[in-house]
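What TrEMBL records for this protein:
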TRANSMEM  451-475  transmembrane segment
TRANSMEM  487-509  transmembrane segment
TRANSMEM  515-538  transmembrane segment
TRANSMEM  558-575  transmembrane segment
TRANSMEM  581-604  transmembrane segment
TRANSMEM  704-722  transmembrane segment
TRANSMEM  734-756  transmembrane segment
């Protein structure tokens, strides 16, 4: 990204936030591994790092090849609160309060002193913010004259700040460097081909003293060592202003619960300033980033936009294949439809672009601590969904960008999969309750919440509630139809199995839960596969016989074929992903798992407050699968080497005491304010963990009771109808009605919305690509046109 020519008109900064990255002045294992990867993968010279000891821990700064500043924020859990949401609060405040203002000033200075080659073409054009879409680089002769005034910056230039939030749930050995890694990249739009000064590799020390960094470390097989070298301040040679200086009022330490004096007024933010949130295991290209920028710049009503995520696994496994198909189906049908009928409900933090102007409005509320049991699922484990809900409450729209491709590692073991789905299901339900609670406010403030969209959301919510009971009836009634097994007996048996499973999940260790869940997945999967295949054969036979007899007409049983037909149609609209239809069998096999077992597992483990997939405290190392003697010797060598690293690190990091002068800087006061009043480990603690745990236990009892009651009533209704039907064809029609009750309106809306979205998206992309080689970009207009527009406006 830093070296991308397609993003050459964009000013970028990158911020990486690492939970538990340090303890005092000692770097943690993940921090050491990250530093090793930075040198090996990005060719960062270890002589060009500038280190600060800040109130939240340690801050390291570099300049990447291509001129992009890289900030590594190492959080000390003894000083600030851990977990993803508080890391988001940290970098959002930092970007808004410090980095955006600095970059605006820097861009303004470069525009003011910019001298461009004078040509007739350059003399006639300038940047028009209204038409800026972040197009690819222009011809080398294209440029903008540098006769700008300072006050013209906000009118004629674009700015965008990127940050990335990291989810390290699943990764290869190389990506397992952090279980709570958060990064950010700041990018600001500049007139294309503007002569912007690239930050040099050698940097002036400015007001800071040069500091001797003496941390050296080595990782096994990394081939990397960090030696004692001079650390330079990361400031351009021609700018003598220190990087740790910002404008703003000083903070009084005695203030309590006051608004941040460092946040600028919302009017100071450019509408094209963004934060790009990504996970540490994500892989994406500059084309994907550019597509997100084009999407957000094309519609200033958008608060955020997300890309198309492709899951991959560390190994080939049926659970990975299922997730690949599930991701594809959800993006094909759900998000595409939401784009048309209203707004995407969630732009996940794995790869989404957030507008800073939208984040500014909700930052205070987003920084509130958890005080109730539901806050655990809304704020702590469903932070991305909550962030998007707050955006929609403030009138912003969210959008899905089809062509912003990216890949992420998904769970490849049942243990990881269950933990992830527990978090997702509970946070999704909690945030859905929140949306329904504030539905009147959303309707008043957000035009996206139309009648059709509300009906669509309500049915999706009902599907989640009644899907366990519906799936049980599908299995038992199908066995009755195909094998003449009495309907009542297997229904009662499955209900007893489900009740016993929930009791087991509430009281036994997680490892045993995983074994039992895996066994039930195979049992229910085989049963539903037999039912689906058998019923499909019966329906196909009836259609053929009716067609031969000339009596073919629509029957309710034909609704069983609607869902697979719709999925095939969705795949046809996405031809480059059609091959994923081959993975549909695994989706069919996992229907009882997703509709029954995972829901029961999540509700039974509602008291678990852990993240599940980010709780590892040690960096992983490559393992030898055989040759135990070699493995034993390797462990001894690793322990000796680790001891050497620790002793070297403990002695070397004492050099951080040389950064005490940093305390005089205003930016240090910003960090101290943020620690003392927002993210500190002793402030905004919310309810005690013991109190939250007690509330969660009570909530679990209520949730289990509601879950069983709703589904029992629904199964009694369906069972009563089924047992009072005598004709086989009528029983098949019941299957069709159940299928319609599960999908119904939502499926129709998804098909229409997906078709419109694909057609519209294809046309827009074709037009954009057809204009890519035009001499005059669509975001540049002639000065004569601007003067005429100003003259007409003044006359009015």
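Cβ atoms are placed via backbone N, Cα and C, with glycine included.
Values in this document were obtained by computation on a predicted structure and should not be read as measured data.
At the 8 Å Cβ cutoff, the transmembrane segment (451-475) and the transmembrane segment (558-575) share fewer than 3 close pairs (sequence separation 6 or more) and do not count as touching. At the 8 Å Cβ cutoff, the transmembrane segment (704-722) and the transmembrane segment (487-509) share at least 3 close pairs (sequence separation 6 or more) and count as touching. Comparison of 487-509, 515-538, 558-575 by number of C-beta pairs under 8 angstroms to the transmembrane segment (581-604) places 515-538 first.
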